[in-house]
Amino acid sequence: MLVWLAEYLVRYETAFNAISYITVRAILTLLTALFISLWIGPKVIKRLQILKFGQEVRNDGPESHFAKKGTPTMGGVMILFSIGVSTLLWANLANPYIWVCLFVLFGYGAIGFVDDFRKITRKNTDGLIARWKYFWMSVVALVAILWLYWLGHDTDATRLVIPFFKDIMPQLGLFYIVLSYFVIVGTGNAVNLTDGLDGLAIMPTALVAGAFALIAWATGNVNFAEYLHIPYIKYSSEVVVFCTAIVGASLGFLWFNTYPAQVFMGDVGSLALGGALGVVAILVRQEFLLVIMGGVFVVEALSVILQVGSYKLRKQRIFRMAPIHHHFELKGWPEPRVIIRFWIISLMLVLMGLVTLKLR
């Protein structure tokens, strides 16, 4: 929005031309999202306490979690607000990719909001019926994917980039829709499953979003895309603004979500952030890189799949409890140790993912 204002004001003062640079707007977006989160955080927490929107805890979970019962949840609304406002302020709203990102973010956020609200009103951990939850997640994902397919079905925007192989980039055709569906829905659920400890999901989210900001910038720059042997995608550079908004909002939320948490993001935050990371990976054609950089999310999701599958087939559990972060808690690891070690692993995976861009 401010891009258009700057284009007008530059006639009178050339300094406003700086706002046209994506790097300047990326930094300003991050700071805006961060400050909004820090500013509204105490107000949101107080309002959630007044409304008695408290966290419900699983009866079969670690005993240390019983103390968390009643902690304000649905704090993800301030993440969404921070991302939305900062993106609308600093992004070029003529770019269709921005609207696709916001559509998935708020679409999944709405699904998570309903899920959280049902848990709170029913005073248990059961939210939306699973089939309806996946139905609406699928609807949002497919609308976004078909929108993107229509925008770039005959360009590099639908090629599959494979790490380490610079000359292998097959055109996906209609399979683009199938792959993109599983990326968005899968990432949404994976981040949701990871969000079980104070700050566990939000820091990896910020790290992955920050890495995708760099990748989006390179993908939208003809020279860097050619240098790195990745597809040049016309609209992708503006996705940098959206990614840095996620980073800023996530860091702001972490201020209140760090152990011991004053607020939890709830499904309204975790589903939205997961869906957002998924759609960004699709936009910059780095689905495989998302698997590497978001390895913590992948392992958390796989631990649940393996646990459920093993119990149904063999009546035996692989882990003491799933997702896997609870397994380590039940082994005696203090919660802060689990969180920090998962953060370290996430940082290493993000750096490994970025390195693969050059090792091609």
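Glycine too: its Cβ is placed from the backbone N, Cα and C atoms.
Noted in Swiss-Prot for the protein shown:
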TRANSMEM  21-41  transmembrane segment
TRANSMEM  73-93  transmembrane segment
TRANSMEM  94-114  transmembrane segment
TRANSMEM  132-152  transmembrane segment
TRANSMEM  168-188  transmembrane segment
TRANSMEM  199-219  transmembrane segment
TRANSMEM  239-259  transmembrane segment
TRANSMEM  263-283  transmembrane segment
TRANSMEM  288-308  transmembrane segment
TRANSMEM  338-358  transmembrane segment
Request  = Among 21-41, 168-188, 239-259, point out the range having the most Cβ pairs under 8 angstroms from the transmembrane segment (94-114).
outcome  = 239-259
Query = Restricting to the same chain and to residues at least six past its boundaries, which positions have a Cβ under 8 Å from a Cβ of the transmembrane segment (73-93)?
reply = 1-4, 25, 28-30, 32-34, 36-37, 40-41, 44-45, 48, 53-55, 99, 101-102, 105-106, 109, 112-113, 116-117, 120, 238, 241-242, 245-246, 248-250, 252-253, 256-257, 263-270, 272-273, 276
Remark   = Between the transmembrane segment (239-259) and the stretches 132-152, 199-219, 288-308, the largest tally of CB pairs under 8 Å belongs to 199-219
Query = So, do the transmembrane segment (168-188) and the transmembrane segment (132-152) meet, by the test of 3 or more Cβ pairs under 8 Å (sequence gap 6 or more)?
reply = yes
Task = Six or more residues out from either end of the transmembrane segment (199-219), which same-chain residues have a Cβ under 8 Å from its Cβ atoms?
result = 22-23, 26, 191, 225, 228, 230-233, 236-237, 239-240, 243-244, 246-247, 250-251, 253-254, 257-259, 261, 265, 270, 273, 276-277, 280-281, 283-286, 289-290, 293-294, 296-297, 325, 338-339, 342-343, 346-347, 350, 353-354, 357
